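Let me begin by presenting the structure, written as structure tokens, before commenting on it.
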Amino acid sequence: MSLPPFSSRLLAAAVALYLIGLFCVGADTKGDTAPKIPGCSNAFQSVKVENWVNGEEGESFTAMTAQFGAMLPSDKDKAVKLPVSLTTPLTSCSNLTSKLSGSIALSVRGECTFTDKAEVAQAGGAAALVLINDKEELEEMVCDEKDTSLNVSIPVLMIPTSSGDALRKSILQNKKVELLLYAPKSPILDYAVIFLWLMSVGTVFIASVWSHVTSPKKNDEQYNELSPKKSSNDEASKAAEDETLDISAKGAVIFVISASTFLILLFFFMSSWFILILTIFFVIGGMQGMHIIITTLIKRRCNKSGQKNVKLPLLGNTSILSLVVLLFCLAVAVVWFIKRKASYAWAGQDLFGICMMINVLQVARLPNIRVATILLCCAFFYDIFWVFISPLIFKQSVMIAVARGSKDTGESIPMLLRIPRLSDPWGGYNMIGFGDILFPGLLVCFIFRYDKENNKGVLNGYFPWLMFGYGLGLFLTYLGLYVMNGHGQPALLYLVPCTLGITVILGLVRKELRDLWNYGTEQHSAFSCR
């Protein structure tokens, strides 16, 4: 026999992925505002700091501006390279004895408030104040909004302790240190979303046609007429049916309730070990999906390749092909797990995610449009609530917070397709949750089966329209992201009307909605006999 399909564990992994899969597309971004010199109401800016020591350019680092003071330009060409001087005293809490005219003042934290330091540096003629933090993490430099006497007209920013210590050491060695400060804006939309769109649409399409494309040919094998046996096609079809799970209306409602509960638990109790457990589930699901896809494609191309077996302890009689592919998938999974925090780990995450989703969409099925309507409508309101309404209750979007993972450990939920933001100076990733692919994908897969079983072609079928609708829904999601200035969008807000809505409208126009609604039930059988 071949290696076991691990169906029970696959479904267990799929359930875990489902429960956390409904993450939004995009993330919040901050744009520059008009410069405000006096007062205490400026937006915090992330700052790029480029530095030169004796004319030799060093590695740039990140800083953050204060809630007060002048805003830095977003365009690098408008920024001015200025020399840096240490303040005397170094804390910048009393009148300075060092000459700072036209230079950037470098100071340290402690002994007085941020505003006091800024006012002293400004009085000393500094063009800007750079504070060295006492740790690597940057902190918000706030002030009293009721303080109407505050009038700081120079930029004030904080840098990490390692970068600050390096600058201070160079200055103490009588080296000339210069800084260039600017705060580039992140684009609301990055052109890399085109590739994310293609991956999402491609995953739904491949999952829909997978069983049809990879099904064995009728004339693949010849049989001994003297020793008749069941056709391998019949056995494959029966095995495929045994591996499927039809979602019921009751199960759809229970799922959404369970997903909400699980999302809240993730939000309040997210920790490194919890994310690690979810990552292990993800690796298992992705490895199984990759194993099944690779072996299926090889057997499709070379039908006899899977007939050679080897007997192993515990596994029994096992296909050599299946064993070799499993070892390959296991090696890839282990490498990705070890390197999951690397800058290139997104590629492996996407590969495992796509394989897992294609496999899950072969296992979980919608029986008809009635169940699809219940599931997708519940998911529709679920997505809207956790993206738009949850910030009113929890002070932030629960779904976006969970999708971003833990800031302390750097671990993040892997149940997302990610691709780097190629045009963003701050980096980051474009993301789409598995739920935004799986839920519409369940409907699209059902429609493909419906078209095939009812011999519908391209012109009178539903599948081409739903693929167009899914692509349109994702496009509208990114359009909404742009209109909402980069704030996270619930993708199902657009995907459900563009897929389920199109199905219902076409069914009404073609007078086939009742057939779609009751498909596979006794009512459908009675209706078909009339």
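Quick reminder: no glycine exception, Cβ is built from N, Cα and C everywhere.
Copied over from TrEMBL:
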DOMAIN    92-167  domain 'PA'
SIGNAL    1-27  signal peptide
TRANSMEM  188-210  transmembrane segment
TRANSMEM  252-269  transmembrane segment
TRANSMEM  275-298  transmembrane segment
TRANSMEM  319-338  transmembrane segment
TRANSMEM  344-364  transmembrane segment
TRANSMEM  371-394  transmembrane segment
TRANSMEM  431-450  transmembrane segment
TRANSMEM  462-485  transmembrane segment
TRANSMEM  491-509  transmembrane segment
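Counting only same-chain residues 6+ beyond the ends of the transmembrane segment (462-485), those with a CB under 8 A from a CB of the stretch are 25-26, 29, 31, 188-189, 193, 197, 200-201, 204-205, 208, 432, 436, 440, 443-444, 447-448, 450-451, 456, 491, 493-499, 501-503, 506.
Counting same-chain residues at least six beyond the ends of the transmembrane segment (431-450), those with a Cβ under 8 angstroms from any Cβ of the stretch are 17-18, 21-27, 196, 200, 203-204, 207-209, 212, 247, 353, 357, 360-361, 364-369, 372, 375-376, 379, 383, 403, 415-418, 456, 462-463, 466-467, 470, 473-474, 477, 491-492, 495-496, 499-500, 503, 516, 519. Between the transmembrane segment (371-394) and the listed ranges 188-210, 252-269, 275-298, 319-338, 491-509, the one holding the most Cβ pairs under 8 Å is 491-509.
Spatially, the transmembrane segment (275-298) is adjacent to the transmembrane segment (319-338); three or more Cβ-Cβ distances between them are under 8 Å for residues at least 6 apart in sequence. Scored by C-beta pairs under 8 angstroms, the transmembrane segment (188-210) has its highest count with 344-364, from the stretches 252-269, 319-338, 344-364, 491-509.
Shown for the domain 'PA' (92-167): DSSP residue counts in helix, strand and coil, namely 17 helix, 14 strand, 45 coil.
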